[in-house]
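Asker: OK, TrEMBL features for this one:
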DOMAIN    19-138  domain 'Peptidase C39'
DOMAIN    171-450  domain 'ABC transmembrane type-1'
DOMAIN    486-719  domain 'ABC transporter'
TRANSMEM  157-184  transmembrane segment
TRANSMEM  204-226  transmembrane segment
TRANSMEM  305-325  transmembrane segment
TRANSMEM  391-415  transmembrane segment
TRANSMEM  427-448  transmembrane segment
Amino acid sequence: MAAVRAGRGRARRVPTILQMEAAECGPACLAMVLAAYGRWETLDAVRDSCGVSRDGTSAADIVEAARRRGMEADAYSRDVDGLAALGLPQILFWGFDHFVVLEAVGRDGFVINDPAHGRRVVDREEFGRRFTGVTLTFRPGPAFQRTRRPPGVARRLAAVLGGSWGMFACIVLTSLAMVALGVVLPGLTRVFVDDYLVQGNREWLLPLLGGIIAIGAFRSVIAALYTRGLLLVQTKVTAVVSARFVWRLFHLPYDFFVRRSPVEISARTQYAGQLGGIVAGPFAQTAVNVLAVAGYVVIMLLYSVAMTAVCVGFAALELLVLRLVTRRVQDEAVHLQMAAGQAHSAAVRGAALLEQARVNGSETQLFSHMVEAEVRLINSEQKSGWTTRMLMALPFAMSRLTTLAVLGVGALVVMTTETTLGTLLGFLMLSGLFSASIGALTGFGTAIGQSTAGIGRLGDVLDHIGAQDDADDAGRPPLPLPTGRIALRDVGFSYPHGQPVLSGIELAIAPGECIGIMGGSGAGKSTLARLVVGLAAPTRGTIRFEASPDAGTDAWVPKCDAVGFVDQAPFFPKGPIRSALTLWDAGETDEDIARALADAELLEAIASRQGGLDGQVGENGVGFSSGERQRLAIARALVHAPRILVLDDATSALDEDTEARVLENLRRRGATLLLLTNRASALQHMDRVMALHGGRLYPIAMEEAHAAARASMSSILAAAEQQL
């Protein structure tokens, strides 16, 4: 490839920072460019600065975010041949729906750093087809400030150990003991050859045999202790990281899950096991091998300086090759991780769309989509596997070359000096141990390269800056119970750099009051529901709940317990109906469940099923009709006896008679009810009705609501229009 051009004419390698969702490609590219110039920021921080919305971000937002960080950023329209003259790195608008970093320009291709797939080389034909002509350039300005590089993978692995340092130290000590015992064998070998075989000192035989047997026995015992320690550390680290990962998920904001695939998030749990294996295996061995290499060099110098120089030279060559190939291993690991996630997601989506594809006659297209994802995964596996196998063969090949070189040099040393044959054989054993330790260091480098992407995806959850503080959850008092009174004061919500979805919402709800809010599709009903139940935070104003007098807290609190919520698309895990209703809470009695089912008008339907509450519900409610799934979701919310219940279009699949009975049952419970719907028929069962239109709430007279219930939703919205 031709010489690489970079900003101000100087070559600059760009670190790979992966996007965690489709809309993050722009912030990820900016984070890569900032890091290339020495300013390291988390993807979350850059994302917030770029104002990423559900539709992604724009080139103008990226430029503005870079300028706020002291960069001189500009946007240009250029053809392919004019890019190199602008200086590198650049951010390119790619395929009209993506951003990538242009890292190098060559005669035959371009090196791009893709936040979705990692670094790769693109030929001129593909580059010309995908490049849209828009490029962003960056260079540090006077106000630009560099920051400290974030912790690397090794430091993350060390942090993972936490309370396992004691067991980790035992592993290191037992490994050092095995190394020390191994060092004794070359000395015994030298004595056996020089004193017993050459000089014929027969009295050495029994002590030598006894020493070899004793060393073998001690090594066996220590090896057993070492293996047990490895398993304990691996099990503990895996359990701790997995538990912390899952617990952390419960403290992440709702928009984290909106922007990420559930399939991809669940796939990250497997990285916890890989992390435990690395910590208990290559990471634990690295400390031992570094000390062992230093010890072997000192001992080998006592045998022969010349032969030691040969061993050290080949070891340096092996480590140099590892350093050169590690970046490629990391890039291919990134490709493999992304391809695996895409293939898994394609398989899950394909299974979910199978019925629809059969109805539409699009099985061939669906099959092609799934096969393409699988082919990309296989190609990534083959490419990554070739590099990994080459690295795995490297220690073996270098060890054999080292042995041959030592034999050659050793033969000259034996013939020209007083060095004995036993010394040469003992040194060969030491050089073998030395090469094994160097090979283990090579294996650690390979494992680090392969795990970088996975650890980064774990960090996306564990280090998310938007997560609620869960450091002291165990010591916190429980949330207070509400009276049912809710106050929304000047509540507004908007996505970053976007138009307000809600603005100036004023609403006071009395305990036990039933409020109906009508709005068309896209009016913001679901957003308002999530604000009330705490799944999202308002960007303006406050939402407060009146706490019970015996709660021992302030009269008005931002969060409370005993709030039920049913959204438009409830999810049910596969398993017993009882578990789907209680969510594995053993404290809920059959009486509580029966009452909830009765109020949801589903008790008879469940009782008539085989097994009753112990009958099975399929994945996501398979085996139940749409109306039954909605009533099952309502029953699940009622099982825990909420004092506030929020229904987000949760009766849309019910017929009017069933809907009326369910809503009347909810009224009799006495809980505060907030019903958000686009069905006018549900409003006649409410105490008050309001219309959500243009991001604002407008009160509607009950007479108009009853009249609209007999007509259509447009009647209510028309009344709201008159108040604008």
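From the backbone N, Cα and C atoms, a Cβ is placed for every residue, glycine too.
Give me the structural setting of these features: burial, nearby parts and distances.
Answerer: For the transmembrane segment (305-325), the list of distant contacts is 293, 297, 387, 390-391, 394-395, 398, 401-402, 405-406, 409-410, 413, 427, 431, 434-435, 438-439, 441-442, 445-446: same-chain residues at least six beyond its ends, Cβ to Cβ under 8 Å.
Here the transmembrane segment (391-415) has long-range neighbours at 304, 306-307, 310-311, 314-315, 317-318, 321-322, 325, 329, 421, 423-424, 427-428, 431-432, 435-436, 438-440, 442-443, 446, meaning same-chain residues at least 6 beyond its ends whose C-beta is under 8 angstroms from one of its own.
Using a Cβ-Cβ cut-off under 8 Å and counting only residues 6 or more beyond its ends in the same chain, the transmembrane segment (427-448) has close neighbours at 153-154, 179, 182-183, 185-186, 189, 278, 281-283, 285-286, 289-290, 292-293, 296-297, 299-300, 303-304, 307, 311, 314-315, 318-319, 322-323, 326, 329, 388, 391-392, 394-396, 398-399, 402-403, 406-407, 410.
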Asker: Counting by DSSP secondary structure, give me helix, strand and coil numbers for the domain 'Peptidase C39' (19-138).
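Answerer: The domain 'Peptidase C39' (19-138) comes out at 46 helix, 42 strand, 32 coil.
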Asker: Within the domain 'ABC transporter' (486-719) only, compute the mean pLDDT.
Answerer: 85
